[in-house]
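J.: Below: one structure in structure tokens.
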Amino acid sequence: MNPNQKIITIGSASLGILILNVILHVVSIIVTVLVLNNNGTGLNCNGTIIREYNETVRVERVIQWYNTNTIEYIERPSNEYYMNNTEPLCEAQGFAPFSKDNGIRIGSRGHVFVIREPFVSCSPSECRTFFLTQGSLLNDKHSNGTVKDRSPYRTLMSVKIGQSPNVYQARFESVAWSATACHDGKKWMTVGVTGPDNQAVAVVNYGGVPVDIINSWAGDILRTQESSCTCIKGDCYWVMTDGPANRQAKYRIFKAKDGRIIGQTDISFNGGHIEECSCYPNEGKVECVCRDNWTGTNRPILVISPDLSYTVGYLCAGIPTDTPRGEDSQFTGSCTSPLGNKGYGVKGFGFRQGTDVWAGRTISRTSRSGFEIIKIRNGWTQNSKDQIRRQVIIDNPNWSGYSGSFTLPVELTKKGCLVPCFWVEMIRGKPEETTIWTSSSSIVMCGVDHKIASWSWHDGAILPFDIDKM
């Protein structure tokens, strides 16, 4: 092929490619016009995605038109079913660590709330740590004087379990200096008590919205559990106290559905005292282990049926589990009457396991330090001293505090029984330490079918903080 023929051949090929390119562009333009004139019913690339924006989950439908995205927000459907919670408690051989927030250690340099009374409650999809803030941060001037229980600055807030009570992840729940919270399978219900001592009010929120209220009926510091309430088949139960902390007070059981109170009953308990009950579901009933702040070093027991009938008495075991208390050897136990003359007390818990009982208590008999959980054979029904298992959670030189119960629902565990769990508060600062503030962190344990070794999961913060040295 001579040079002229080569030039003609290359030119013809180039012209052919050019013509093909023009044809393709014309076809592309025609198709685009036809599709855009088809009102969104033509070719597209659609999909539904889930995105997280700073702790908030949004479900979005993304429609893509070549280089253009249309994002349509889809309302998240609420959970459709109430939790059953009529299953029995699982048998626990020991308790394994579930979470530890280390809030005070982190708070020495992080934006962490000053808190007290932390507790845990679970929905079908997650567990959350609730806590009562003091409207102030650790290592800040507003933390001064936060040893006080009741103030207009206290609020109930929550984080996902294991997170510290920090300002970036905490969710506001209620204005409160006493509270309880639980999930019925559809939405969270919170009960927050606030206001003056003689006219306090409890506001019942459901799904974050105020739905009902309870006014003080005795005019003497209306208060509630400081731990999880209990929902069974959509009905939620909790216990409240109104009256003196050191003599006879008045006690009531409340029942709500969708946050609206549908029943209540007074508890007749002459000579006994009930405060800060730690409750859990078990075989269709609500079982509570409470605090006697009047005289008893044994703990009140309250069992609530769905119709609000109840039985009330004391933990039968011949081993005391309140603080302060006397020697184990000098305690006889009673199923019906308070025993001891130590007064005061601390919030605690227990779990019935058939006729046995797992019961938590401080290791110290006189102060809120150390923590252990012991299993007492036949301790739910008899004055038994037969301690068949012991597990140390916090060793004695380290501070503890309140403790309480909750359960893992079957929706979370896929078991046929409710896993018993508990949390232990570790109080730091005033009145035991040289600081201007009082706050706490917590350790959470859940029942397993294996024995777990004792250890000390104590708070570990080094005090005082910088603010305490000014």
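First residue shown is number 1, and so on along the chain.
Cβ coordinates are placed from backbone N, Cα and C, and glycine is handled just like the others.
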J.: Since Swiss-Prot lists Asp292, Gly296 for Ca(2+), which candidate among Asp307, Asp322 does it give for that site as well?
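T.: Given Asp292, Gly296 bind Ca(2+) in Swiss-Prot, the matching entry from Asp307, Asp322 is Asp322.
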J.: For the substrate site that Swiss-Prot assigns to Arg116, Arg150, Glu275, Glu276, Arg368, which of the candidates Arg260, Arg291, Arg352 is also assigned?
T.: Arg291
J.: Could you identify, going by Swiss-Prot, the member of Cys277, Cys279 that forms a disulphide bond with Cys290?
T.: Cys277
J.: Of Cys335, Cys417, Cys421, which cysteine does Swiss-Prot list as the disulfide partner of Cys90?
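T.: Swiss-Prot says the disulfide from Cys90 goes to Cys417.
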J.: Which candidate, Cys127, Cys229, does Swiss-Prot give as the disulfide partner of Cys182?
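T.: So the cysteine paired with Cys182 in Swiss-Prot is Cys229.
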J.: Under 8 Å Cβ-Cβ from Asn84 (N-linked glycosylation site), six or more apart in the same chain: what's there?
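T.: Sequence-distant Cβ neighbours: Ile232, Lys233, Val410.
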J.: Most Cβ neighbours within 10 Å: which of the disulfide-bonded residues Cys277, Cys417 is it?
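T.: The residue with the densest Cβ neighbourhood is Cys277.
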J.: Consider the recorded positions Cys290, Asn398, Cys446 and say which one has the Cα lying nearest the Cα of Cys417 (disulfide bond).
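T.: Of the recorded positions Cys290, Asn398, Cys446, Cys446 has its Cα closest to that of Cys417 (disulfide bond).
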J.: Tell me which residues of the chain lie with their Cβ under 8 angstroms from that of Cys229 (disulfide bond), as long as they are six or more apart in sequence?
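T.: Within the chain, Cys229 (disulfide bond) has Cβ neighbours under 8 Å at Ser121, Thr180, Ala181, Cys182, Met189, Val191, Cys236, Tyr237, Trp238, Cys279.
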J.: Return the single residue from the disulfide-bonded residues list (Cys182, Cys236, Cys279, Cys316, Cys421) that has the minimum number of other CB atoms within 10 Å.
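T.: Comparing Cβ neighbour counts within 10 Å for the disulfide-bonded residues Cys182, Cys236, Cys279, Cys316, Cys421 gives Cys316.
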J.: Roughly how many angstrom lie between the C-alpha atoms of Asn144 (N-linked glycosylation site) and Tyr402 (active site, nucleophile)?
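T.: Between the Cα atoms of Asn144 (N-linked glycosylation site) and Tyr402 (active site, nucleophile), the distance comes to 22 Å.
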